[in-house]
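Chemist: I am attaching a structure below and will ask some questions about it afterwards.
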Amino acid sequence: MTTPALLPLSGRRIPTLSPGASSFPHHRATLRLSEKFILLLILSAFITLCFGAFFFLPDNSKHKRFDLGLEDVLIPHIDSPKEGKHASGQVVIHGQGGHDEHRHREEEESLRDKIRADHERALQEAKEKLRKSREELQAEIQTEKNKVMEDMKKKDTGPKPLPPVPMPKVVGVSDGEPPEPDVKEKRDKIREMMKHAWDSYRQYGWGHNELKPLAKKGHSTNIFGNSQLGATIVDALDTLYIMGLHEEFKDGQEWIEQNLDFGVNAEVSVFEVNIRFIGGLLAAYYLSGQEVFKLKAVQLAEKLLPAFNTPTGIPWAMVNLKSGVGRNWGWASAGSSILAEFGTLHMEFVHLTYLTGNPAYYQKVMHIRKLLAKMDRPNGLYPNYLNPRTGRWGQHHTSVGGLGDSFYEYLLKAWLMSDKTDTEARKTYDDAIEAIERHLIRKSNGGLTFIGEWKNGHLERKMGHLACFAGGMFALGADGSPDDKAGHYLQLGAEIAHTCHESYDRTVLKLGPEAFKFDSGLEAVAVRQNEKYYILRPEVIETYWYMWRFTHDPKYRQWGWEAAQAIDKYCRVSGGFSGVKDVYSSNPTYDDVQQSFFLAETLKYLYLLFSSDDLMPLESWVFNTEAHPLPVLHLGNITLPGSEPAQR
């Protein structure tokens, strides 16, 4: 799962100075000036200062002129009974006679004394400099040069090195070649699709966040702000690595080392940047062991922390990377933050605390969990909107699709990632799923199990493509579910997978719409024109992969192959892959966007579907909501900084 239900909007750009474009060489050139020339410059400055001191030392005649200029002296005075504003904004104190006049004279005399003392001190310093020998002046120059060099070295070293921590054991990060020749052939086709998507981006959109494959140029959306942050590069790295495309991976790494700069004046989505950038960088670090990815992830995480500066600690949806100013989406209910956004930080932030030793990240996400635990939940359901100022729910709209989805996913995955020691997260997940099953999950007249949306006190019989991830989630959480219900939840996952496959199979293109209804005789079919699009989303294929891993039922590979063929047939263009606007039309129009999550998720899940189970085994890896794999933390008796043993 990736975004809330809204489509990305168009973005903005500003040029940025990359880390590689340092001003360091200019400093070195300055230091290469001859010492003789520097000496002359200093002597000239001292002589000028001397003459200036003689000219500007106040005398009696200057005092008189000075007095005349103080009728409207521009010095603010809080106690003045009359004050006004000039157009320039300066506060003007008007003469009042009597007591005020006496006070003004004292202020003027004090000002004159200060000016005289400053000039005399400057003159004395100049005389002392002129008395020094050439050797003494050269020594002073050398001292200044050394100081400048030291300052530059400090700046050049960048951030402090992170504390050494034991690297989690990483297993199954490559190969996974299936024994069956026909399955291997399909896997090779998925790798070829990835190479086409990457090479097209490399040629036409390099450094931009995403690609317009028809226009063959870069593309950006408001979720990434107005800067070229190379979202596709960061999002695709681990997929490239897992597929064995190491030259492409190296190109991406070099761009990140030389160009990825977070010190830009850009307002970004905290949620999207966390799951795509921090998740992507952490996964690339764990897979490859390259330190640059860890350092970049930590640099970015520090930029996100100001978003938590709210009265409740519930973060803003957006934050400016430069100023740290946060705000929420204008369309969100009464200035609310969104459940899926502030609830989808736990995995990445726990790993940040593990890698840095900084407890702030862990504490931020645990604070969110504790706050939610104290709140009343209507029918046991979590509404999608929460006001970060008041700590109250917004409108009572609950969804397992857009706006809610990955909150539930991260409760389960927090437990899995903790080596199943975070029992609090598991209990919260189980309670939430029980309420969802009671109030949101229904069977259609045609026998299709679907997850509706709770709105204004009633169930809307509509399911979004984003909610199709839940089939995989139910299967992933089956083992460890209470009351011996593992078989029940595995079956529920299979039913959701079947329903979502039907949403694909009932279209002309064999690709699923953004949302589909279950009423008025229509089932698993989109009704509105603005719900008929497919933007290369991964959720249905994600569920196919999880169901394959847990059941090895061959239909999941068959369904996945049908989707892969449809994508290759209807979404592939010469400049990459594009979403389509109507999956029920035999002549679809393109939206001309190659989403970064297509490379991060859709193609990765397809590749894993046609690989053997020893590639990225689920006992060792937990995938974040952008399909970036993070290792299970076998912490044993170790507690994270700032955590309490009872919570782990």
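Note: Cβ is positioned from N, Cα and C throughout, glycine not excepted.
Please treat TrEMBL annotations as automatic predictions, because they have not gone through curation.
TrEMBL lists 37-57 with the feature transmembrane segment. Per TrEMBL, region 'Disordered' is recorded for 152-185. Sequence annotations record features per position, and here TrEMBL assigns active site, proton donor to GLU272, GLU514. Among the features that TrEMBL reports, active site is placed at ASP405, GLU539. Annotation comment: TrEMBL describes CYS468-CYS500 as disulfide bond. Per TrEMBL, Ca(2+) binding site is recorded for THR625.
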Chemist: At a 10 A cut-off on CB-CB distances, which of the active-site residues ASP405, GLU514, GLU539 has the highest count?
Modeler: ASP405
Chemist: In whole Å, how far does the CA atom of GLU539 (active site) lie from that of CYS468 (disulfide bond)?
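Modeler: The Cα atom of GLU539 (active site) is 6 Å away from the Cα atom of CYS468 (disulfide bond).
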Chemist: Need this for a regression test: recorded positions GLU272, CYS500, GLU514, filtered to those with Cα within 10 Å of ASP405 (active site). What's left?
Modeler: none
Chemist: Which Cβ among the disulfide-bonded residues (CYS468, CYS500) has the fewest C-beta neighbours inside 10 Å?
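Modeler: Selected from the disulfide-bonded residues CYS468, CYS500 on minimum Cβ neighbours within 10 Å: CYS500.
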Chemist: Of the recorded positions GLU272, GLU514, THR625, which sits closest to CYS500 (disulfide bond) by Cα distance?
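Modeler: Closest by Cα distance to CYS500 (disulfide bond) among the recorded positions GLU272, GLU514, THR625: GLU514.
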Chemist: Taking only the recorded positions GLU272, CYS468, GLU514, which one has a CA atom nearest to the CA atom of THR625 (Ca(2+) binding site)?
Modeler: GLU272
Chemist: Measure the Cβ-based neighbour count of GLU272 (active site, proton donor), defined as the other Cβ atoms within 10 Å of its Cβ.
Modeler: 25
Chemist: Report, in whole Å, the straight Cα-to-Cα distance of GLU272 (active site, proton donor) from CYS468 (disulfide bond).
Modeler: 19
